[in-house]
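Undergrad: Pasting a structure below so you can have a look.
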Amino acid sequence: MVQKESQAALEERESERNANPASVSGASLEPSAAPAPGEDNPSGAGAAAGTGAAGGARRFLCGVVEGFYGRPWVMEQRKELFRRLQKWELNTYLYAPKDDYKHRMFWREMYSVEEAEQLMTLISAAREYEIEFIYAISPGLDITFSNPKEVSTLKRKLDQVSQFGCRSFALLFDDIDHNMCAADKEVFSSFAHAQVSITNEIYQYLGEPETFLFCPTEYCGTFCYPSVSQSPYLRTVGEKLLPGIEVLWTGPKVVSKEIPVESIEEVSKIIKRAPVIWDNIHANDYDQKRLFLGPYKGRSTELIPRLKGVLTNPNCEFEANYVAIHTLATWYKSNMNGVRKDVVMTDSEDSTVSIQIKLENEGSDEDIETDVLYSPQMALKLALTEWLQEFGVPHQYSSRQVAHSGAKTSVVDGTPLVAAPSLNATTVVTTVYQEPIMSQGAALSGEPSALTKEEEKKQPDEEPMDMVVEKQEESEHKSDNQILTEIVEAKMAEELKPMDTDKESIAESKSPEMSMQEDCINDIAPMQTDEQANKEQFVPGPNEKPLYAAEPVTLEDLQLLADLFYLPYEHGPKGAQMLREFQWLRANSSVVSVNCKGKDSEKIEEWRSRAAKFEEMCALVMGMFTRLSNCANRTILYDMYSYVWDIKSIMSMVKSFVQWLGCRSHSSAQFLIGDQEPWAFRGGLAGEFQRLLPIDGANDLFFQPPPLTPTSKVYTIRPYFPKDEASVYKICREMYDDGVGLPFQSQPDLIGDKLVGGLLSLSLDYCFVLEDEDGICGYALGTVDVTPFIKKCKISWIPFMQEKYTKPNGDKELSEAEKIMLSFHEEQEVLPETFLANFPSLIKMDIHKKVTDPSVAKSMMACLLSSLKANGSRGAFCEVRPDDKRILEFYSKLGCFEIAKMEGFPKDVVILGRSL
């Protein structure tokens, strides 16, 4: 148990630690100039107890900083992190979660007894795994630097943490206002002087610990004014900050694509020490739709001897960081001794390493790596090969609440409602799902801001609980490195195979999860007990349906997954290939139009061949989604499911759109205008595909939150063919009966003829159907311009219906079926031209009641509206009976709104519209 110290005890500790304590007012607060790197420290600062930096060479800090905006990791995740860091020969963990309110927003508050016990346990676990635990605090939001009470409060807080067993600390002043309060302006000549003063004082008060980090407000090249080499702020830091204190730096930008050696030499010169890199290359807290599973890249191993350390600030989702941390470890170990490139002995460009790199990059979109010590593609394959083993290990949180990505904390008046403290893992946060991608007008201005944008990252639906089932490692005579090396060498011995193009068979999995109670929003697979395991398993008979057997995740699945969620500034090779193919198919779709003049058979064949290959690539994404959804390791699934769900949904739409392009009869020049260059907008690969669809601004249709319980169910949306007519009529009849309870047994086609027959016969170009493994279960029909469509109906469809259905006698009271028959013999009302100018397209859509996934309807509507807008439509409308509450609600959820009554509107229907 830890007790708070009294003010008297604190003052006594201060007097003991500081033989000559600095005054808290006047110029005496500004420290003397720090010696240049390599010079002796005349005051002896930093050499206390023989552990200061000046007392000898300090080890290279390499590991992880938990420094993102969003829900912090829980204690058991951090313990698992320590285990992995030790296994991969990394050595450092920096505790700096932005949304632990006692770390940043309410930094003055002391930790409670329960929180203290958890922190002590965590620090002890780090020591057990030989990981250096660095505790960071961020007082810069509201501290008054010249107030002695504020300084004492900060000391008291760090004193408490030091009593937990922590020996390494960091003061962070990132993402704060540069302006000082009036009281500080009277004492300090600049903001930098104020920060350096308190940092030096705290550093000396703590006994000049061996590891003490300082994060400046100008922590990257783009934040330095007027430049890195001429920044007065950095110059003050370099001259005044004591030499035993290390400086954190993110590189040229907040999220740096590359960190050149020259840039590090430039900043090292002005801050008079080698920096510690806070690397945001895998941080995803600035974009709710992105996940980064690509390798550590854009940092030459030549940097290692020029740095004091590298700490990666990775994805918010803990389990998604396997590749990020593993490849960082590979990068670090490739030049662990800090050997400069000019002394690395290589025989020629045909060395073994070079040959392996060339093999890995053959046929890819990436340039051949020039770093002879480290290949990102080799490192990625190493990481994925080892990660694959984790997917087959049953592992999940043992408590009821489970981490599930896909939501973010609520925001009121622009202020995030942050998760209260991370140390207490039972906090429940009110959440809403992620925002959809913005349209073309909302282009990202400037660079991603992993540290500056205080916006909640997409959060789990529920707080992860305290306990993780520990994975058991097999005790083998061989070391982990030996086993991994053998696996990778065996993989490398195989020839690089082209992408598998076999279409995946999609089957609905039998969910291993138990049914949820309605008042609980958790999603957890039940753990199998010994009693359950001992029960005799059911064995189906020869004529019974065989048991469902889930296919395991493959290395190819993980390679595809990494390519789809690669790095901030680039997509992986397969992802980039899919994007290019869709762009080409979209731009050249006119060659397969029925109305295309002067057809070129070779171009048509090329288009159809490339379209078929693109559909096969989409099928690979669906197969990957199915296998990931069925994997044994639910912990990994819960962290990544929303992202995989998102890419699966958009690829389903894109595939359907390509199929529509291949069978339509109209061409459209309008559709080919406005291509956007890749990498220009937010949202990752899914965002790129969304912006290539005609209705890219229909954010509500692309906003498809995943189900609370993960499912591997996949639906297919495809163009309608005449052979589908009976199935569409059946759905139309069953859903109409369900809505009003009026069977049409004597005239089974009547309701279909009335609602959808004309569209199916005269507007094939704009008709889609929904399929699952049992067949067609939905339809989405439309016509781009209702005026000529009505004329065609009067010429061909209506006469056919009049012949098929005899006009009933109007003298008697008519049944519902007879009223429909009579409508074929009556003159149809024509909608006003003023209305049709804005809503020229007619749509009809419905889905069978057995389909419970709400995202399916959005995808179907997106496909239908894309086809209409691609051919010039400005808006669409539908006609609904006023008493059909189900279908009214159905269309309303799809973004349709009721059009105000105007002269010429039919009296017995409600007209809903949607602008395009």
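For all residues, glycine too, the Cβ spot is worked out from N, Cα and C.
The structure displayed is predicted, hence computed values, not measured ones.
Found this in Swiss-Prot, in case it helps:
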ACT_SITE  ASP175  active site, proton donor
BINDING   GLY67, LYS98, ASP174, TYR219, TRP278, ASP279, ASN280, ASP285, ASN313  protein binding site
COMPBIAS  452-461  compositional bias 'Basic and acidic residues'
COMPBIAS  468-480  compositional bias 'Basic and acidic residues'
DOMAIN    60-336  domain 'GH84'
MOD_RES   SER364  phosphoserine
REGION    1-50  region 'Disordered'
REGION    440-480  region 'Disordered'
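Would you situate these features in the structure and describe their surroundings?
TA: TRP278 (protein binding site): 28 other CB atoms within 10 A of its CB, across all protein chains.
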Undergrad: At the Cα level, what's the spacing in Å between ASP175 (active site, proton donor) and GLY67 (protein binding site), rounded?
TA: 12
Undergrad: Around GLY67 (protein binding site), how many other CB atoms lie within 10 A of its CB?
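TA: 29, counting other Cβ atoms within 10 Å of GLY67 (protein binding site).
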Undergrad: Taking DSSP three-state, what's ASP174 (protein binding site) in: helix, strand or coil?
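TA: Going by the DSSP assignment, ASP174 (protein binding site) belongs to neither helix nor strand, so it counts as coil.
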Undergrad: Under a three-state reduction of DSSP output, how is ASN280 (protein binding site) classified: helix, strand, or coil?
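TA: The three-state answer is coil.
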Undergrad: What is the Cβ neighbour count of ASP175 (active site, proton donor) at a 10 Å cut-off, with all protein chains included?
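TA: For ASP175 (active site, proton donor), the count of other Cβ atoms within 10 Å is 21.
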Undergrad: Out of these binding-site residues, ASP174, ASN280, ASN313, which one has the fewest other C-beta atoms within 10 Å of its own C-beta?
TA: ASP174
Undergrad: For ASN313 (protein binding site), which DSSP three-state class applies?
TA: coil
